[in-house]
Amino acid sequence: MVANNSKYSSTRYHDSSLREFFGFEDVVLKGLAADGGLFHPHDIPNVRSQYLQWKDLSFPDLAYQVMRLYIDEYEISDAELKDIVHRSYSTFRHPDTVPLVPLDDQKGLYLLELFHGPTFAFKDVALQFLGNLFEFFLVRKNKNLQTGEARHHLTVIGATSGDTGSAAIYGLRGKKDVSIFIMFPDGKVSPVQEAQMTTVLDPNVHCLAVQGTFDDCQDYVKALFADPETNKIHHLAAVNSINWARILAQITYYFSAYFQLLKTKPDLKQAKFVVPTGNFGDILAGYYAKRMGLPIAKLIIATNENDILHRFWQTGSYSKKPKPPQEPHEGIKEDGAQAHEAGVKETYSPAMDILVSSNFERLLWHLSLEHELETNPHVKMESSVRVAGQKIDGWFQELKSTGSFTVDPQILDKAREIFDTYRVSNAETLEAIRDCYRGDVISKKEYVLDPHSAIGVAASLREIKASGQCDVPTVSLATAHPAKFAGAVDLALQEEKGFDFNSVLPEQFVGLDDKERKVLKVSSSEGLPGIRQIITREVDKEKEARQNGSS
């Protein structure tokens, strides 16, 4: 018997047919539901009475406990899951995996460093795990093939505004029976991010520099998954945060941060979390942690100038609202500071330069269902699920056709109970990097923030001032190493006495620019048909090379 929290269905299910449920393996390999919705767990497990039993566990052991609740043993055994998890986090450089660093004890401000994985970004936490999951499922499928039977093969597709691409590539490079295609907006990721992706020369890795924005890349990914023929031929799998396994992996570090706080604050009752937010996956994991029973007082969304989420919490309207082009702010082209005619403003925090946050759909589904159950308590659960799915489908069809939708006031009220938002401008981002380094706004001195983490810290300081709650610790998530965004960091700190960028440069980045690169350019005129052709051509090349190598 499969537990309800190990069963998954689509956010857009709303017709009169019987709701289709999927197991964890199906959800991981499919990525996106056939109706265009996102997979969500049937139930969210409540661990309020037991989570403190986990407080002394290592990060891998804690991850196992969290993940076990969402993955049935008939799909992955205890021993297999422990092995996958421990291998995934053995690649991290810090013994605590995600260490908590105090920035200002008096203000109760802490930084959760999530950048100690192989690509120096928080996405390693999820993508090392997802890469090993893909490998596990493929090995199992290919284990008992009959003579002449074709091997199972996955074609992994992803879009990146920077860090997802390199983290996915490092999680899947060299893995048997997997081809990975990563699309990124040409010229709109940082030089280090681009180098990390394009200098990986493994035959199964393919980088596509797409003319356009991250949202264009994301739309191409969704279109490929919505194409039955492409799916049938290539067996597509997703690495973007639409893949539930990524959200699941990220839940763990909210528990880890809380337990690290407990070591110095044994009377801790609750904590706030501030999350630099683009595609809404990272903070959605915090929502699930809160729903599971972790005492999170508030989840705070920190956006850059691409502020669709901030505007939603202000108005209840989810609107793309294109902005007019603007000149580069203080001239830092390589880290992104031009505006784009399609409405995405390029900022110093390019991983957050997103017009539409894909994972927001999952939150709206949960809030809609909760509202339906409260409004109609005597109606059967399945009827409420259909109504919630109908709302989600309607809203996102409206977004596609008109560029915006507005939710019910009661749903906005529910969102405001759990979340708050702050918008941080380009100038404020540089100011936060500079002020934190000087120790002007925090007691810790000479701490170098990357621009995304700086947005989180700037929002945290505003929240502390606005709430006056220094007794409730504020944990700000540090999502990337500062060396990944040399242009913005150097621009902020170049006048600071004694600052030397080489002091924060990891040895892994030295000489990265000089390495051979492998990248395919995709023009806007080639678009989706061109991308399909590239995928078919490159997968066929890999297949031919394998056959020649084994003959």
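Cβ from N, Cα, C; glycine included.
The model shown is predicted, which means the values in this text are computed figures rather than measured ones.
Residue counts for the domain 'Threonine synthase N-terminal' (7-89) under DSSP, split into helix (H, G, I), strand (E, B) and coil, are 33 helix, 7 strand, 43 coil. Sequence annotations record features per position, and here TrEMBL assigns domain 'Threonine synthase N-terminal' to 7-89.
According to TrEMBL, the domain 'Tryptophan synthase beta chain-like PALP' annotation covers 100-334.
Non-local neighbourhood of Lys123 (N6-(pyridoxal phosphate)lysine): Gly117, Asp163, Thr164, Ala167, Ala168, Arg246, each in the same chain, at least six residues away, with C-beta under 8 Å from its C-beta. TrEMBL lists Lys123 with the feature N6-(pyridoxal phosphate)lysine.
Here TrEMBL flags 317-338 as region 'Disordered'.
Annotated compositional bias 'Basic and acidic residues' per TrEMBL: 324-338, in sequence order.
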Predicted model, mean pLDDT over the domain 'Threonine synthase N-terminal' (7-89): 95
